[in-house]
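Here's the structure, in structure tokens; my notes come after.
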Amino acid sequence: MKAVYLMLNQCSLSVTDKCLIAEVWCPTRDLVTLQQTPNESSLRSGAGVGTVVHRIPSRESPPTLIRTNRFTASFQGIVDAYGVGCYQEVNPAPYTIITFPFLFAVMFGDVGHGLLMFLFALAMVLGENRPSMKASQNEIWRTFFGGRYLLLLMGAFSIYTGFIYNECFSRATAIFPSGWSIRAMVNQSDWSSEFLAHHPVLTLDPNVTGVFLGPYPFGIDPIWSLAINHLSFLNSYKMKMSVILGILHMAFGVVLGVFNHIHFGQWHRLLLEFVPEVLFLGGLFGYLVFMIVYKWLAFSVASSAEAPSVLIHFINMFLFSQSPTNRPLYPHQVPVQTFLVVLALVSVPVLLLGTPLYLCSQHHRKRRLGRQQRKKTAFCWATEDSPSLNGAQEQEAWGAQEGQSHVGPTRTFSKFCGPFANACEFSYVPSFPPSCITAGEGRFWGRLVPMPPAELSEVLWVMVMRIGLGMSRELGMASLVLVPVFAAFAVLTVAILLVMEGLSAFLHALRLHWVEFQNKFYTGTGYKLSPFTFEVEQSAL
């Protein structure tokens, strides 16, 4: 009853004071339902006057309504945590369903850990209709239960990336035969007993015939887990992978901004923002991706010792220099790099000042046209022998237009700051070399290279399970020892790796999605539609 009176108090009286007028927002899809429901209520209540529904024009920005279900609610919540989208703005939630779990899995790739997360989420999904799960008042449980489908995809993607990294609780699995053969190295070398006694560490040379049999069918070859340069190999692999994924993720966000510009008719932003962003991103970091892929394709095992360093070339690119000890990747590389750097530097002023200057010119043009229109109107009044207006009367007569002229600079300043801040963020230089990847992609790179879950899992295996497995080989003693050892290993794995490291990877993926992807096309300055209802919302459960 209080809710009914609260809504009625927000209505306004008609001119005859005999009915109430309510102005509300309604989705177009539900407009027919809105028209039918009050009429049915009037007939049931026996009211003498029916309800009339009209569509009225409005210059206000409409609220945003995104219809969700159990599956998409958690992904839409990630987007809305950044900000509610403007009306008819591109919604990042459909793309978040894939990109967010994948970014998380890249930083959390492990078959064992991903399987545990997947099974935990699957249990919540299968039992989502049970009253005991919905009625729980534990805040942590409700958080996990609300994002059960998100956890399900995060676990599934982590299993996939874990197979690529070939890690299951930090242990490599030999699903397929290794592509490296020691027999060929032994047959073609002088590995005598004296040589092996003085050389405990040996190197497999893939350039020797028969040593490298072919690439591993899927993922990383398990023989790398035995190599002493295992970490160096994975660091190089994950570093290049993070750069490629980061650039593609950012480029996709920039491309999505085109749909916003076209839909809202902001054609100037295509020329003054999209084109400079593509030139800056593609000229610098698209070229970096090109060098990485070109080096993979151009150099074989036989010429790997002569392969140049991509990082040195990238640094020399900004210094406009060439290292004599670092051979070029391809002919005429220096002129191409010089042209790309100059092109990127030229695009920065356009990106920073193009849209603000355009908005300022449009604002001054509108003010000039307004003044000319007022002069014409005043001239017409004077020729009709109308009494002249003094300063106060003139200000009153043109109050609305003058008020708009006073408000205009404030609005223009806010529109100026938005593109300028976006341009500064896009071309921000946090370190050398210059990077539009900003701090977020740098953390992505840093998060991938050490791979904390894998390293911590390795520490737990070496310091806990391996000690327990090697304490006693007697059947009875081994069973007694392994029970508490495995219990400690399981508790530490869940508490440290699944919860703490999972939360850390989640926060990193969240920031990457907001700053490096969503920020390129999504303003998030709208407001949600709050429909009138007496039903108790279940917070997307």
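Yeah, the Cβs are placed from backbone N, Cα and C, and that goes for glycine too.
Lifted from TrEMBL, the feature list:
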type	residues	note
TRANSMEM	102-126	transmembrane segment
TRANSMEM	146-165	transmembrane segment
TRANSMEM	243-264	transmembrane segment
TRANSMEM	270-290	transmembrane segment
TRANSMEM	297-319	transmembrane segment
TRANSMEM	339-359	transmembrane segment
TRANSMEM	475-500	transmembrane segment
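No contact links the transmembrane segment (339-359) to the transmembrane segment (146-165), because fewer than 3 Cβ pairs that are 6 or more residues apart lie under 8 A. Against the transmembrane segment (243-264), the recorded stretches 102-126, 146-165, 297-319, 475-500 differ in Cβ pairs under 8 Å, and the greatest number is found for 102-126. Within the chain carrying the transmembrane segment (297-319), a Cβ under 8 angstroms from the stretch's Cβ atoms is held by residues 206-207, 212, 287-288, 291, 326-330, 333, 337, 340-341, 432-434, all 6 or more beyond its ends.
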